[in-house]
Amino acid sequence: PLPGTVSDPWKLMLLDATFRACHLIHYLQLSHHLIVLNYIICTFDKLKSVSSEDIKITDAVFDGVEVRVFEPPAKQEEKLKRSIVYIHGGGWALASARTSLYNNLCRIMAESLNAVVISVEYRLVPEVWFPEQFHDALRATKHFLQPDVLAEYSVDPNRIAISGDSAGGNLAAAVCQQLSKDENLTVRPKLQALIYPVLQAFDFNTPSYQQNMNMPVLPRYVMINYWIDYLNGNYDLAHSLLINNHTALDVSQAVAFRGRLNWTTLLPSSFKKNYKPVIQTTGKAEIVQEIPALLDVRAVPLLADTETLQLQPKSYILTCENDVLRDDGVMYAKRLEEAGVEVTLDHFDDCFHGCMIFTIWPTDFSAGVQTRNSYIKWLDENL
């Protein structure tokens, strides 16, 4: 068992077996694995519903995008509240702002921080593909940042964070980059907080991808399939992506981005260990032609230029050692830092991908409480 799961190793085995079974069903062409996974998530979700009499929970529509709003009770001494726009994870294809996992997280955030939390219910694969998830998150956030909407929810326009986990961290980072370049905005986020975010599809052989290629919950091949699903690509390309054929030295479209994702210079030696870069001399340029979004910064925020990164707000990035996405977050933290942004990199040696939302039976882990408390503590001290 992984550290942080020792007391209940069967829970991690249950999670991993569930995900692998769904991919087997997809392989046998019995059903799409994402449909099966969402069905299972909804079934588990009925096991326990978390609510609170102290937090007002309502559903609303922001510029055509559904959101769930968590509002703590008003306090006489505080006229305006701080706020977090939260974007849930799930490979751009799973879960919901309404599931108990995210309902519980956002409720605890609202209670602990006395903050208004806006949880974005963006549309999922296979209903839509990139860039629609990005557009949903951006529209909902921009709507909320309007002064009259902030006033409706009694939110302080100077104390707003944008946050998300995993694929939601990807959307949060991409939205934050877009907002920073929008000259028409009068209100901008004070902070961004990214939880084990997925930030690049350029290199599937970073040290963390190599180290954790078979790690439960999110093996490397599953993450590659999520990218293919999100970008509406063909599963036949999975192997070429796995060996970095799409960013080989002879793929001209990738040349300009190579320096922005050089893990040999961006990662500390403790993460690089003895792993070697996988750089193909000859690859397949047609992959990028078929899926141009592989190099679109709205999908892969780690590839943004330095000028964009310089505009980003104070940032928090949480990473886990037992996670293929560890190096995505660490490299983004380093690039932001080099661009002059104040960054807190909160790394957990004993935790795994997705752990922060797993705090409800039957998938309650000590790692979930540990990471959640650290994340909320940072928000409390900085927002």
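Each residue, glycine too, has its Cβ placed from N, Cα and C.
Quantities reported herein were computed from a predicted structural model and do not represent experimental measurements.
According to TrEMBL, the domain 'Alpha/beta hydrolase fold-3' annotation covers 84-242 (among others).
According to TrEMBL, the active site annotation covers SER166 (among others). In sequence order, GLY89, GLY90, GLY91, ILE195, TYR196, PRO197, VAL198, LEU325, HIS353, GLY354 make up the list of same-chain residues 6 or more apart from SER166 (active site) whose Cβ falls under 8 Å from its Cβ.
Annotation comment: TrEMBL describes 296-356 (among others) as domain 'Alpha/beta hydrolase fold-3'.
Just so you know, the Cβ of ASP323 (active site) picks up 27 other Cβ atoms within 10 Å once every protein chain is counted. Residues or ranges marked as active site by TrEMBL: ASP323 (among others).
With a 10 A radius on its CB, HIS353 (active site) counts 26 other CB atoms from all the protein chains. Annotation comment: TrEMBL describes HIS353 (among others) as active site.
Confidence in the domain 'Alpha/beta hydrolase fold-3' (296-356), given as mean pLDDT, stands at 97.
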